[in-house]
Amino acid sequence: MMLSCSPLTVPSSSYPFHFLPSSSDPPYDSIRNHPSLSLLHNCKTLQSLRIIHAQMIKIGLHNTNYALSKLIEFCILSPHFEGLPYAISVFKTIQEPNLLIWNTMFRGHALSSDPVSALKLYVCMISLGLLPNSYTFPFVLKSCAKSKAFKEGQQIHGHVLKLGCDLDLYVHTSLISMYVQNGRLEDAHKVFDKSPHRDVVSYTALIKGYASRGYIENAQKLFDEIPVKDVVSWNAMISGYAETGNYKEALELFKDMMKTNVRPDESTMVTVVSACAQSGSIELGRQVHLWIDDHGFGSNLKIVNALIDLYSKCGELETACGLFERLPYKDVISWNTLIGGYTHMNLYKEALLLFQEMLRSGETPNDVTMLSILPACAHLGAIDIGRWIHVYIDKRLKGVTNASSLRTSLIDMYAKCGDIEAAHQVFNSILHKSLSSWNAMIFGFAMHGRADASFDLFSRMRKIGIQPDDITFVGLLSACSHSGMLDLGRHIFRTMTQDYKMTPKLEHYGCMIDLLGHSGLFKEAEEMINMMEMEPDGVIWCSLLKACKMHGNVELGESFAENLIKIEPENPGSYVLLSNIYASAGRWNEVAKTRALLNDKGMKKVPGCSSIEIDSVVHEFIIGDKFHPRNREIYGMLEEMEVLLEKAGFVPDTSEVLQEMEEEWKEGALRHHSEKLAIAFGLISTKPGTKLTIVKNLRVCRNCHEATKLISKIYKREIIARDRTRFHHFRDGVCSCNDYW
């Protein structure tokens, strides 16, 4: 809003007042020490406040400005309830409020969620002929800063100059902060330069402005000029470095601070511990932790939360859990930090269990909680819990700052849990779609083999003027890769590099090389590797190894495996892939040698693990698993499945199982793969016709793929399986991947 008046000459206000008879205040001491006012100190409810106010009216204190100012001040500062509306109602009854009362009201409005109301009140006051003073301007300027009311702030600056308040340090600092928060750093610096009395507070206000906008050198220059630095100025500079990603510089500055006589406070330690977490400086973090304990900060909740985050991010979850468990009181940030730590370390099941414990504790989750837990639901395929979170978000978290990110996370969760239609519904419900939302939906369709839908979205994006980024093109190339669309993949790669002038990243090359390898174009794939500006990673070499197995190219497979082992010597997957290539070619001696080499190095193949969610509980199975409470029923269903599969003509392909095993044992090894155990459990745990969704940590093998196609037809079930790379939708004996994966 604009102050629709010239400075200090405002039209009469329509602000509604209900006047009480005026009277002069009785002697000051008799009011200040009155028992009724002392009751405010113990007031914790709005009902109690009304009773105290009624008593004040009964004994005549309602006509004294001092008593009313204390009542209004209590209302606006009460930590127990929202008292501003009551303060406004009291204010409207005062016939001639003095400047103290006006300033108290400005303070309340400035602290509220509607700071513009302070500006409206300011217009009202000067229209009544009252002049603001140096106590008025800091609150009104704070409102201009919070509401980004730059024009109004300029006008009030004029009032400051006219009334000669510009020399007041508080007003001076408030002007700097107002300009800073409105992004007017040049104006802020002009105010700073004109001040004959620069104190550490005004320096700090300007330092924060420069640092928050990335002008860290300007901030450092000002910081160096401060003659006597206090803890606030040190904090401003340290947090300035941290917030701009200069964590090492932040920590070096903290070390400099420790050489002075300035004692760090809560804000310092939270910033420093967070900088250690972000930079992975665990050793320095431990030293800081010792200092915290030695100097009496060990029970500070904010600092302990920061320490939990430090140890979580640095992989020391046992220490993080210990800190969490020892907290006498845990706030929502405590819970969020540890849940986020579990998610960060890929301990998704532990994250879900902690989330459920949080709900049982009575703590109310917020948007940050949901952004931490939705990836866990997505990874585990825990769609029932994901749906509950969706309902919670719709009911409790509408309009939060992270609303767009929450919707994008829901799209990702539904897509990764197998319900691509639900993901699409969430996408369509977003009125103002961010690029992240478009990308999440493109990726969702891609992983479900819906390349056509991915490209339809891309066309819609371009029509409405949304520019794709490098992530968009990873999604599109991934869609081509999952569907074997080589020509379209080449076209998209050219579009990205030529039309959008984007430099390909490792992920883009990975998709193209996977496409070329699947198509048997190994020479072209190697040429692309040679033209890359970066070294290929393990994902690229793995995709080529799988392609060699598919096309029976043992010689190239050996070469690619050698490259993979060089960059990932401790990865057993490279030996397993090479062993599979030898097995496909019937070279059993090489299979035995490769497996022996794997054993000699003490490495073990990552076991296949599949999970299925039943009634909001995620059940996990490994190959040959016999530890489930319903183990007997599961294996009974497995036997039934095998009988029906055999009747349907299914014959297991045992060519890739070690030669030394008897044929009967080979078939048994295939029969007990983790995805089959999960399917068997799903069949005995759900009603006929219920859709089953399986999540597997490895690529589904050819035998299980063929068997699952038939199982979907025999039991008349839709079975959705997510393996390491994509989704398979099995229905009526057919898979959505068309046997291309």
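FYI, residue positions are counted from 1 along the chain as it appears here.
Keep in mind that glycine also has a Cβ here, set from the backbone N, Cα and C atoms.
Record features, source Swiss-Prot:
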- 540-615: region 'Type E motif' (REGION)
- 616-646: region 'Type E(+) motif' (REGION)
- 647-741: region 'Type DYW motif' (REGION)
- 98-132: repeat 'PPR 1' (REPEAT)
- 133-167: repeat 'PPR 2' (REPEAT)
- 168-202: repeat 'PPR 3' (REPEAT)
- 203-229: repeat 'PPR 4' (REPEAT)
- 230-264: repeat 'PPR 5' (REPEAT)
- 265-299: repeat 'PPR 6' (REPEAT)
- 300-330: repeat 'PPR 7' (REPEAT)
- 331-365: repeat 'PPR 8' (REPEAT)
- 403-433: repeat 'PPR 10' (REPEAT)
- 434-468: repeat 'PPR 11' (REPEAT)
- 469-499: repeat 'PPR 12' (REPEAT)
- 505-535: repeat 'PPR 13' (REPEAT)
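Within its own chain, the repeat 'PPR 2' (133-167) has Cβ neighbours under 8 Å at 1-3, 7-8, 99, 102-103, 106-107, 109-110, 115-119, 122, 126, 173-175, 177-182, 184, 194-197, counting only residues six or more beyond its boundaries. Segment contact is absent for the repeat 'PPR 12' (469-499) and the repeat 'PPR 10' (403-433), given fewer than three CB pairs below 8 angstroms at sequence separation of 6 or more. Using DSSP to sort the residues of the repeat 'PPR 7' (300-330) gives these counts of helix, strand and coil: 23 helix, 0 strand, 8 coil. The predicted model assigns the repeat 'PPR 2' (133-167) a mean pLDDT of 94. Helix, strand and coil residue tallies for the repeat 'PPR 13' (505-535), in that order: 23 helix, 0 strand, 8 coil [DSSP]. Same-chain neighbours of the repeat 'PPR 11' (434-468): 404-405, 407-408, 411-412, 414-416, 420, 423-424, 427, 474-476, 478-480, 482-483, 485, 488, 500, 722, 726-727, 729, 736-737, counting only residues six or more beyond its ends whose CB sits under 8 Å from a CB of the stretch.
Listed as Cβ neighbours of the repeat 'PPR 10' (403-433) (distance under 8 Å, sequence separation of 6 or more from its ends, same chain) are residues 367, 370-371, 374-375, 377-379, 381-383, 386, 389-390, 393, 397, 440-441, 443-445, 447-448, 450, 466, 693, 720, 722, 727. Taking DSSP states H, G and I as helix and E and B as strand, the repeat 'PPR 3' (168-202) has 26 helix, 0 strand, 9 coil. Broken down with DSSP, the repeat 'PPR 10' (403-433) shows 24 helix, 0 strand, 7 coil. Each residue in the repeat 'PPR 12' (469-499) gets a DSSP state, and the totals come to 28 helix, 0 strand, 3 coil.
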